[in-house]
Amino acid sequence: MVVHIGGCNFSTADSSLSSSNLSTVAGGLSRTGHTVVAVCLGFILVAGIFNNFLALLIFAKFRSLWTPINVILLNISLSDVLVCVFGTPFSFAASLHGRWLIGEYGCKWYGFANSLFGIVSLVSLSVLSYERYAAVLCSSLVDMSNFRKAWLCVGGSWLYSLFWTLPPILGWGSYGPEGPGTTCSVQWHLRSPTSVSYVLCLFIFCLLLPLLLMVYSYGRILMAIRRVGKINLLAAQRREQHILAMVLSMVSCYMLCWMPYGIMALMATFGRSGLITPMASVVPSVLAKFSTVVNPVVYMFFNNQVRAEGRVVMKADPESLSLLQMVPD
């Protein structure tokens, strides 16, 4: 998802598209710019599918990894791989050709599907942080073998995402072309009361609130570990360092991948017309898609058990072992 700028270049093969959508964006991307974006999206496509498929393969192979918290991790990888399969290939092909290729209805599908899968991932990340907080600070009150709760969280993340991504199809907000004309998403630039209210709600409930829950949950975990460290420094020092690295990595990746997009969307909605250039709108889009690459690395392979099982899987494929060694310890 990224910020919409003016009209965009669609394929003229789809006669259902309005003439305004066929117009060229003033100051749009050059041929070189489209090529650079295509290279970035190509890398994200390959690395995202590989990382998330590997994560899903590890879970399928090792039943010992099936814990309630890891079910949420599995949901994150599933939503990310769906973005890579149903979203990134279309924007990659469009960038290669310099225009949108699958018409108006394909544009609306792309906007809806990528928003749906992206919000599922964001919500799941925040739920994961809270479940980790509950496991550490409320372990006596939490049943760590309660799969029913985990599956409810998974189902709830999809229903929550549907709640916020269906409205543009029903008339609250809308999906359409964006940026230099090679992707589609929510129409951020529209200034009608319904569109503005939808964008504001989407930012608050699907980006800001998940971030606040993550910061609160991981912050409480870190504070608890530090309190233990004051009592037994030697026993807790390594654990505190591990938790600190995990917290910084997870929150930083979330903000790096998603906050530029959120800020750009607000600037397009509430700023003056033409404030966001096509190039400026492309960068947040690429960063948001890059989350499909880093999520399995940070959230799954940060887990020592998952990483160990991953090495077992990769040893069966010597050519892929070097790729796994790139995953940070």
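Any Cβ shown, glycine's included, is placed from N, Cα and C.
Feature list (source: TrEMBL):
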type	residues	note
TRANSMEM	36-60	transmembrane segment
DOMAIN	51-299	domain 'G-protein coupled receptors family 1 profile'
TRANSMEM	72-97	transmembrane segment
TRANSMEM	109-130	transmembrane segment
TRANSMEM	151-175	transmembrane segment
TRANSMEM	195-222	transmembrane segment
TRANSMEM	243-270	transmembrane segment
TRANSMEM	282-302	transmembrane segment
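Sequence-distant neighbours of the transmembrane segment (243-270) (same chain, 6+ residues past either end, Cβ-Cβ under 8 Å): 1-5, 122, 125, 129, 186, 188-189, 191, 195-196, 199-200, 202-203, 207-208, 211, 214-215, 218-219, 221-222, 225, 276, 280-281, 283-285, 287-288, 290-291, 294-295, 298-299, 302. Most Cβ pairs under 8 Å with the transmembrane segment (36-60) belong to 282-302, among the candidate stretches 109-130, 195-222, 282-302.
Residues 1, 69, 72-73, 75-76, 79-80, 82-83, 86-87, 90-91, 102, 153-154, 156-158, 160-162, 164-166, 168-169, 175-176, 183-186, 206-207, 209-211, 213-214, 217-218, 250, 254, 258, 288, 291-292, 295, 299 of the same chain sit 6 or more residues outside the transmembrane segment (109-130) yet have a Cβ under 8 Å from a Cβ within it.
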